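**Student:** The structure is given below, and queries will be raised subsequently.
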Amino acid sequence: HPAMSTLNLSGSHPAFFILVGIPGMEKSHTWISIPVCMMYSAALLGNSVLLVTVVKERSLHEPMYIFLCMLAACDLLLSTATVPKTLSVLWSLSTQISFSGCLAQMFSIYFVFVAESAILLAMAFDRYIAICDPLRYTAILTRSVVGKVGVVALIRSFCIMFPAIFLLKRLPYCGHNVMPHTYCEHIGVARLACADISINIWYGVAAGFLSAGLDAISIAISYVLIFRCLWGLPSPRTSSKALHTCGSHLCVITMFYTPAFFSFLAHRFGQHVPQHVLISLANFYVVVPPMLNPIVYGVRTRQIREHVAHLL
């Protein structure tokens with residue numbers, strides 16, 4: 001049997017996976033692709049405009065805006081790692097992805113996700129220093145510190161996500177290669193294996209907790225300290241101005257962590273959540289925050305609004 005011989009050649013890995021898209025919603029694939037495509041275009045445009053604005057405007061070369069640039073770059077990478085393939089699946093152009101391509105896609109998604117989580121934490125620290133210790137702000141957050149934060153975020157992401165590749169490579173797949181999803185994600189791939197995947201599940205839980213989980217806890221602590229600081233400010237005007245700068249950051253944090261934790265927990269413990277709900281969520285997750293982040297910051301931050309208008 002030719003299929004068996006190719007299977008033996010490639011060891012226990014399938015040569016490629018077939019991405020089914022959203023199971024049970026195949027008839028609506030074309031309709032689903034329209035909002036996905038529009039949101040992806042908006043995300044590309046918004047984040048590119050934000051990046052160009054901050055890079056070109058000298059007055060915006062402050063830690064807060066540099067972190068914002070890192071966030072925009074992450075958003076571009078996150079949506080670009082998934083959406084083009086998702087669209088080709090939804091439009092039935094190509095539903096195949098090679099085994100190594102699948103691992104590369106999975107690694108990219110989580111790598112960017114963990115880096116983005118670290119950048120949101122850095123932004124919370126930036127707001128904390130700006131509000132609670134404003135006189136030492138420029139001394140603490142120098143350009144080299146901001147650069148180092150970026151590098152540490154990337155190294156941490158790499159160290160947390162690199163083992164996942166080997167955890168998936170060691171599994172036998174027994175010819176199972178049809179995946180009910182529009183892109184490759186860790187547990188989705190592991191579930192196709194015909195072996196015990198409890199190590200993968202626990203690794204996923206540990207990696208999620210040690211990255212996004214700890215980041216979210218640290219962000220919460222920094223905001224408790226910020227609100228405590230604001231409570232003690234004499235004039236309500238200063239505190240409302242400070243709250244305004246935190247507002248956009250809090251919006252972005254909520255959009256980033258809420259769907260992430262929901263889908264993370266539902267995938268592992270929510271046996272009753274219908275699969276098409278999980279997969280639709282996973283698709284909107286990689287386009288909705290990247291589309292909304294530049295809008296939130298653009299609309300809420302006067303300096304960015306003015307410079308974008310000037311640029312256009």
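Each Cβ is built from the backbone N, Cα and C atoms, and glycine gets one as well.
In case it helps, TrEMBL gives these features for our protein:
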TRANSMEM  31-52  transmembrane segment
DOMAIN    46-297  domain 'G-protein coupled receptors family 1 profile'
TRANSMEM  64-83  transmembrane segment
TRANSMEM  103-125  transmembrane segment
TRANSMEM  145-168  transmembrane segment
TRANSMEM  201-230  transmembrane segment
TRANSMEM  242-265  transmembrane segment
TRANSMEM  277-297  transmembrane segment
**Student:** What residues in the same chain, six or more past the boundaries of the transmembrane segment (64-83), come closer than 8 Å to it by Cβ-Cβ distance?
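**Tutor:** For the transmembrane segment (64-83), the nonlocal Cβ contacts are 36-37, 40, 43-44, 47-48, 50-51, 54-55, 105, 108-109, 112-113, 115-116, 119-120, 122-123, 126-127, 130, 146, 149-150, 153, 182-183, 245, 252, 283, 286-287, 289-290, 293-294, 297, 303-304.
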**Student:** Short question: most Cβ pairs under 8 Å with the transmembrane segment (277-297), which of 103-125, 201-230, 242-265?
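**Tutor:** Going through each listed stretch, the top one turns out to be 242-265.
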**Student:** Any residues 6+ beyond the ends of the transmembrane segment (242-265) with a Cβ under 8 Å from its own?
**Tutor:** 64, 71, 113, 116-117, 120, 123-124, 127, 130-131, 204, 208, 212, 216, 219, 223, 226, 230, 233, 278, 281-282, 284-285, 288-289, 292-293, 296-297, 300-301
